[in-house]
Amino acid sequence: MRQATLYRYRLPVDAGVALRNQRLKSRDGLLVRLHEDGREGWGEIAPLPEFSHETLPEAQEAACRLLAQWQVGAAPAESPLPSVAFGLSCAQAELSGTLPQAANYRSATLCNGDPDALFQVLQSIPGEKVAKVKVGLYEAVRDGMIVNLLLEALPDLHLRLDANRSWTRAKADGFAKYVNPDWRDRILFLEEPCKTRDESRAFARDTGIAIAWDESVRDADFRVEAEPGVAAIIIKPTLTGSLQRCRQLVTQAHQAGLSAVISSSIESSLGLSQLARMAAWLTPGTPPGLDTLMLMQAQLLRAWPACTLPLWGEDTLDVVWQG
(Lines of atoms letter the chains of each structure in order from A; the text may use other names.)
(Lines give C-alpha, C1' and ligand atoms only; values in the text may rest on other atoms or scores of the structure.)
Protein backbone atom coordinates (compact mmCIF):
# COMPACT_ATOMS: atom_id res chain seq x y z
CA MET A 1 0.00 0.00 0.00
CA ARG A 2 1.28 3.42 -0.92
CA GLN A 3 1.03 6.47 1.33
CA ALA A 4 2.24 9.99 0.65
CA THR A 5 2.37 13.15 2.74
CA LEU A 6 3.29 16.66 1.67
CA TYR A 7 4.46 19.06 4.37
CA ARG A 8 5.22 22.76 4.33
CA TYR A 9 8.10 24.26 6.30
CA ARG A 10 9.32 27.73 7.15
CA LEU A 11 12.87 28.11 8.44
CA PRO A 12 14.19 31.40 9.84
CA VAL A 13 17.31 32.68 8.11
CA ASP A 14 19.97 35.13 9.19
CA ALA A 15 19.21 38.76 8.55
CA GLY A 16 20.68 39.99 5.31
CA VAL A 17 20.54 36.85 3.16
CA ALA A 18 20.46 38.66 -0.16
CA LEU A 19 19.17 37.28 -3.43
CA ARG A 20 19.25 39.34 -6.61
CA ASN A 21 16.77 42.05 -5.67
CA GLN A 22 15.44 41.06 -2.27
CA ARG A 23 16.46 39.76 1.10
CA LEU A 24 15.15 36.47 2.41
CA LYS A 25 13.35 36.66 5.74
CA SER A 26 12.68 32.93 5.83
CA ARG A 27 13.27 29.86 3.67
CA ASP A 28 9.95 28.33 2.74
CA GLY A 29 9.51 24.99 1.05
CA LEU A 30 7.85 21.59 0.97
CA LEU A 31 8.90 18.15 2.13
CA VAL A 32 7.43 15.01 0.62
CA ARG A 33 7.37 11.65 2.38
CA LEU A 34 6.55 8.42 0.55
CA HIS A 35 5.69 5.09 2.24
CA GLU A 36 5.45 1.72 0.52
CA ASP A 37 5.81 -1.82 1.90
CA GLY A 38 7.57 -0.66 5.06
CA ARG A 39 10.01 1.55 3.18
CA GLU A 40 10.20 5.34 3.31
CA GLY A 41 11.63 8.11 1.16
CA TRP A 42 11.90 11.88 1.63
CA GLY A 43 12.43 14.73 -0.79
CA GLU A 44 12.50 18.52 -0.68
CA ILE A 45 10.66 20.88 -3.04
CA ALA A 46 11.86 24.42 -2.44
CA PRO A 47 11.72 26.89 -5.33
CA LEU A 48 14.21 29.71 -4.76
CA PRO A 49 12.68 33.18 -5.15
CA GLU A 50 14.13 35.14 -8.09
CA PHE A 51 15.94 32.05 -9.41
CA SER A 52 13.21 29.42 -9.87
CA HIS A 53 10.66 29.96 -12.61
CA GLU A 54 7.93 28.34 -10.50
CA THR A 55 6.52 29.77 -7.27
CA LEU A 56 5.97 27.76 -4.11
CA PRO A 57 2.15 27.68 -4.58
CA GLU A 58 2.64 26.43 -8.15
CA ALA A 59 5.05 23.75 -6.94
CA GLN A 60 2.63 22.71 -4.20
CA GLU A 61 -0.25 22.36 -6.64
CA ALA A 62 1.84 20.26 -9.04
CA ALA A 63 3.21 18.08 -6.25
CA CYS A 64 -0.27 17.36 -4.86
CA ARG A 65 -1.49 16.30 -8.29
CA LEU A 66 1.47 13.98 -8.91
CA LEU A 67 1.38 12.49 -5.42
CA ALA A 68 -2.31 11.67 -5.85
CA GLN A 69 -1.43 9.76 -9.01
CA TRP A 70 1.46 7.95 -7.32
CA GLN A 71 -0.60 7.04 -4.28
CA VAL A 72 -3.10 5.04 -6.38
CA GLY A 73 -0.35 3.08 -8.11
CA ALA A 74 0.40 5.15 -11.21
CA ALA A 75 3.86 6.16 -12.42
CA PRO A 76 3.46 9.94 -12.85
CA ALA A 77 5.29 11.73 -15.64
CA GLU A 78 8.24 13.87 -14.60
CA SER A 79 7.12 17.35 -13.62
CA PRO A 80 8.23 20.22 -15.88
CA LEU A 81 8.79 22.24 -12.69
CA PRO A 82 12.43 21.60 -11.70
CA SER A 83 11.97 21.84 -7.94
CA VAL A 84 9.07 19.37 -8.04
CA ALA A 85 10.93 16.97 -10.34
CA PHE A 86 13.96 17.05 -8.06
CA GLY A 87 12.11 16.58 -4.78
CA LEU A 88 9.90 13.76 -6.01
CA SER A 89 12.81 11.97 -7.69
CA CYS A 90 14.80 12.09 -4.42
CA ALA A 91 11.88 10.68 -2.45
CA GLN A 92 11.43 7.89 -4.99
CA ALA A 93 15.18 7.18 -5.03
CA GLU A 94 15.27 6.88 -1.24
CA LEU A 95 12.21 4.65 -1.35
CA SER A 96 13.83 2.32 -3.90
CA GLY A 97 17.29 2.49 -2.33
CA THR A 98 18.89 3.93 -5.47
CA LEU A 99 20.29 7.09 -3.85
CA PRO A 100 23.52 5.90 -2.19
CA GLN A 101 23.99 6.72 1.49
CA ALA A 102 27.64 7.78 1.18
CA ALA A 103 27.92 11.57 1.21
CA ASN A 104 30.52 14.25 0.50
CA TYR A 105 30.11 16.79 3.29
CA ARG A 106 33.39 18.54 2.48
CA SER A 107 32.01 21.53 0.62
CA ALA A 108 33.84 24.50 -0.82
CA THR A 109 33.71 27.15 1.91
CA LEU A 110 31.33 30.01 1.11
CA CYS A 111 32.93 33.32 2.02
CA ASN A 112 31.19 36.60 2.71
CA GLY A 113 32.24 39.74 4.50
CA ASP A 114 35.32 41.90 4.82
CA PRO A 115 38.78 40.68 3.73
CA ASP A 116 40.14 40.35 7.27
CA ALA A 117 37.27 38.06 8.26
CA LEU A 118 37.64 36.06 5.03
CA PHE A 119 41.35 35.60 5.66
CA GLN A 120 40.72 34.17 9.13
CA VAL A 121 38.12 31.72 7.80
CA LEU A 122 40.25 30.60 4.85
CA GLN A 123 43.41 30.23 6.90
CA SER A 124 41.62 27.78 9.19
CA ILE A 125 40.50 25.42 6.39
CA PRO A 126 42.31 22.08 6.86
CA GLY A 127 43.93 20.35 3.91
CA GLU A 128 43.22 21.59 0.40
CA LYS A 129 41.81 25.10 0.57
CA VAL A 130 38.92 25.54 -1.87
CA ALA A 131 36.57 28.44 -1.27
CA LYS A 132 33.75 30.20 -3.07
CA VAL A 133 33.53 33.99 -3.12
CA LYS A 134 30.58 35.95 -4.47
CA VAL A 135 31.63 38.82 -6.70
CA GLY A 136 29.54 41.36 -8.55
CA LEU A 137 27.73 42.68 -5.48
CA TYR A 138 30.10 45.63 -5.16
CA GLU A 139 32.42 47.46 -7.54
CA ALA A 140 34.30 45.11 -9.86
CA VAL A 141 37.62 46.79 -9.08
CA ARG A 142 37.05 46.20 -5.35
CA ASP A 143 36.28 42.54 -6.05
CA GLY A 144 39.49 42.20 -8.05
CA MET A 145 41.57 43.73 -5.28
CA ILE A 146 40.06 41.44 -2.62
CA VAL A 147 40.54 38.30 -4.73
CA ASN A 148 44.11 39.32 -5.44
CA LEU A 149 44.73 39.95 -1.74
CA LEU A 150 43.43 36.52 -0.77
CA LEU A 151 45.45 34.71 -3.44
CA GLU A 152 48.58 36.60 -2.43
CA ALA A 153 48.14 35.95 1.29
CA LEU A 154 47.31 32.24 0.97
CA PRO A 155 49.50 30.52 -1.64
CA ASP A 156 47.65 27.20 -1.24
CA LEU A 157 44.21 28.74 -1.80
CA HIS A 158 42.07 27.96 -4.85
CA LEU A 159 38.96 30.02 -5.50
CA ARG A 160 35.63 29.53 -7.17
CA LEU A 161 34.07 32.88 -7.99
CA ASP A 162 30.45 33.62 -8.87
CA ALA A 163 29.33 36.79 -10.63
CA ASN A 164 25.76 35.75 -11.56
CA ARG A 165 26.00 37.52 -14.95
CA SER A 166 26.26 40.84 -13.14
CA TRP A 167 29.10 42.50 -15.09
CA THR A 168 29.39 44.26 -18.41
CA ARG A 169 32.50 43.24 -20.30
CA ALA A 170 34.15 46.51 -19.23
CA LYS A 171 33.48 45.81 -15.55
CA ALA A 172 34.73 42.24 -15.91
CA ASP A 173 37.95 43.58 -17.41
CA GLY A 174 38.19 46.02 -14.50
CA PHE A 175 38.04 43.05 -12.13
CA ALA A 176 40.71 41.11 -14.03
CA LYS A 177 43.04 44.11 -14.16
CA TYR A 178 43.57 43.87 -10.41
CA VAL A 179 44.25 40.12 -10.30
CA ASN A 180 47.92 39.27 -10.76
CA PRO A 181 48.30 37.16 -13.95
CA ASP A 182 50.64 34.82 -12.06
CA TRP A 183 47.82 33.87 -9.69
CA ARG A 184 44.92 33.60 -12.12
CA ASP A 185 45.37 29.85 -12.53
CA ARG A 186 44.36 29.47 -8.88
CA ILE A 187 40.94 30.79 -9.81
CA LEU A 188 39.40 27.41 -10.61
CA PHE A 189 36.61 29.19 -12.42
CA LEU A 190 34.51 32.34 -12.45
CA GLU A 191 30.82 31.56 -12.88
CA GLU A 192 29.11 33.58 -15.63
CA PRO A 193 31.11 36.84 -15.36
CA CYS A 194 29.20 38.73 -18.07
CA LYS A 195 25.63 39.28 -19.11
CA THR A 196 25.95 37.12 -22.24
CA ARG A 197 27.73 33.85 -22.95
CA ASP A 198 29.67 35.36 -25.83
CA GLU A 199 31.03 38.13 -23.60
CA SER A 200 31.99 35.58 -20.96
CA ARG A 201 33.78 33.45 -23.55
CA ALA A 202 35.72 36.48 -24.78
CA PHE A 203 36.61 37.41 -21.20
CA ALA A 204 38.05 33.94 -20.58
CA ARG A 205 40.00 34.05 -23.83
CA ASP A 206 41.49 37.49 -23.20
CA THR A 207 42.29 37.17 -19.48
CA GLY A 208 43.18 33.51 -19.04
CA ILE A 209 40.66 33.27 -16.19
CA ALA A 210 38.60 30.09 -16.60
CA ILE A 211 34.83 30.36 -16.51
CA ALA A 212 31.96 28.05 -15.60
CA TRP A 213 28.38 27.91 -16.80
CA ASP A 214 25.71 28.25 -14.12
CA GLU A 215 22.55 30.07 -15.23
CA SER A 216 23.28 29.00 -18.81
CA VAL A 217 22.89 25.33 -17.87
CA ARG A 218 19.18 25.99 -17.44
CA ASP A 219 18.73 27.87 -20.72
CA ALA A 220 16.68 26.00 -23.31
CA ASP A 221 19.40 26.29 -25.97
CA PHE A 222 22.31 25.19 -23.74
CA ARG A 223 24.47 22.27 -24.81
CA VAL A 224 27.28 20.77 -22.75
CA GLU A 225 30.42 20.91 -24.85
CA ALA A 226 34.14 21.51 -24.54
CA GLU A 227 35.08 25.14 -25.20
CA PRO A 228 38.32 27.08 -24.75
CA GLY A 229 38.39 28.70 -21.33
CA VAL A 230 35.38 26.80 -19.96
CA ALA A 231 36.27 24.63 -16.96
CA ALA A 232 33.01 23.47 -15.42
CA ILE A 233 29.25 23.45 -15.27
CA ILE A 234 27.35 24.17 -12.06
CA ILE A 235 24.34 21.95 -11.38
CA LYS A 236 21.76 23.23 -8.91
CA PRO A 237 19.23 20.40 -8.81
CA THR A 238 16.41 22.47 -7.30
CA LEU A 239 16.68 24.74 -10.35
CA THR A 240 17.58 22.00 -12.85
CA GLY A 241 15.26 19.04 -12.37
CA SER A 242 15.20 15.38 -11.45
CA LEU A 243 18.05 13.17 -10.32
CA GLN A 244 17.99 11.61 -13.77
CA ARG A 245 18.38 15.00 -15.48
CA CYS A 246 21.24 15.97 -13.17
CA ARG A 247 22.99 12.65 -13.76
CA GLN A 248 22.66 13.16 -17.52
CA LEU A 249 24.31 16.60 -17.26
CA VAL A 250 27.16 15.24 -15.13
CA THR A 251 27.81 12.48 -17.67
CA GLN A 252 27.82 14.96 -20.54
CA ALA A 253 30.21 17.26 -18.68
CA HIS A 254 32.67 14.50 -17.89
CA GLN A 255 32.57 13.25 -21.48
CA ALA A 256 33.44 16.80 -22.60
CA GLY A 257 36.35 17.01 -20.16
CA LEU A 258 34.58 19.49 -17.87
CA SER A 259 34.10 19.40 -14.12
CA ALA A 260 30.56 19.20 -12.80
CA VAL A 261 29.80 20.79 -9.44
CA ILE A 262 26.68 19.95 -7.43
CA SER A 263 25.54 23.17 -5.78
CA SER A 264 22.95 24.38 -3.30
CA SER A 265 19.92 26.59 -3.82
CA ILE A 266 19.68 27.28 -0.06
CA GLU A 267 17.86 24.06 0.79
CA SER A 268 17.22 22.83 4.33
CA SER A 269 19.62 20.41 6.00
CA LEU A 270 17.50 17.55 4.66
CA GLY A 271 17.86 18.71 1.07
CA LEU A 272 21.53 19.55 1.56
CA SER A 273 22.25 16.06 2.89
CA GLN A 274 20.72 14.59 -0.27
CA LEU A 275 22.85 16.91 -2.41
CA ALA A 276 25.92 15.71 -0.48
CA ARG A 277 24.95 12.13 -1.33
CA MET A 278 24.49 13.09 -4.99
CA ALA A 279 27.94 14.68 -5.00
CA ALA A 280 29.62 11.58 -3.57
CA TRP A 281 27.80 9.42 -6.11
CA LEU A 282 27.99 11.48 -9.30
CA THR A 283 30.99 13.81 -8.82
CA PRO A 284 33.45 12.03 -6.52
CA GLY A 285 36.61 14.02 -5.95
CA THR A 286 34.93 17.36 -6.72
CA PRO A 287 33.94 19.37 -3.63
CA PRO A 288 30.29 20.36 -3.94
CA GLY A 289 29.02 23.88 -3.30
CA LEU A 290 26.82 23.24 -0.27
CA ASP A 291 28.09 25.66 2.37
CA THR A 292 24.77 27.46 2.81
CA LEU A 293 23.51 26.01 6.08
CA MET A 294 25.24 28.86 7.90
CA LEU A 295 22.55 31.12 6.43
CA MET A 296 19.87 29.25 8.40
CA GLN A 297 18.90 29.45 12.06
CA ALA A 298 17.80 25.81 12.30
CA GLN A 299 18.22 22.40 10.69
CA LEU A 300 15.30 20.27 9.54
CA LEU A 301 14.76 16.54 10.27
CA ARG A 302 18.30 15.47 9.32
CA ALA A 303 21.39 16.89 10.97
CA TRP A 304 24.42 18.03 9.00
CA PRO A 305 27.66 16.66 10.52
CA ALA A 306 29.24 18.96 13.12
CA CYS A 307 26.51 21.60 12.69
CA THR A 308 25.46 23.12 16.01
CA LEU A 309 22.18 24.66 14.83
CA PRO A 310 19.04 23.32 16.54
CA LEU A 311 17.36 20.41 14.76
CA TRP A 312 13.66 20.93 14.08
CA GLY A 313 11.42 17.87 13.91
CA GLU A 314 8.17 16.87 12.25
CA ASP A 315 6.19 18.84 14.83
CA THR A 316 7.37 22.05 13.10
CA LEU A 317 5.87 20.99 9.75
CA ASP A 318 2.37 21.69 8.44
CA VAL A 319 0.61 18.92 6.53
CA VAL A 320 -0.77 20.31 3.25
CA TRP A 321 -1.75 17.02 1.56
CA GLN A 322 -2.03 13.39 2.59
CA GLY A 323 -3.16 10.29 0.79
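Glycine too: its Cβ is placed from the backbone N, Cα and C atoms.
When E128, E139, E191, E199 are compared with the Mg(2+) site residues D162, D214 in Swiss-Prot, the one appearing in that site is E191. Within 8 A of the CB centroid of the Mg(2+) site residues D162, E191, D214, the other residues of that chain are R160, L161, A163, N164, F189, L190, E192, A212, E215, I234.
Secondary structure at K236 (active site, proton acceptor), taken from DSSP and collapsed to helix, strand or coil, is coil. Neighbour count (other Cβ atoms within 10 Å of the Cβ, all protein chains): 17 for K134 (active site, proton donor).
Here the C-alpha separation of D214 (Mg(2+) binding site) and K236 (active site, proton acceptor) works out to 8 Å. K134 (active site, proton donor) sits 9 Å from E191 (Mg(2+) binding site), taking the CA atoms of both as reference points.
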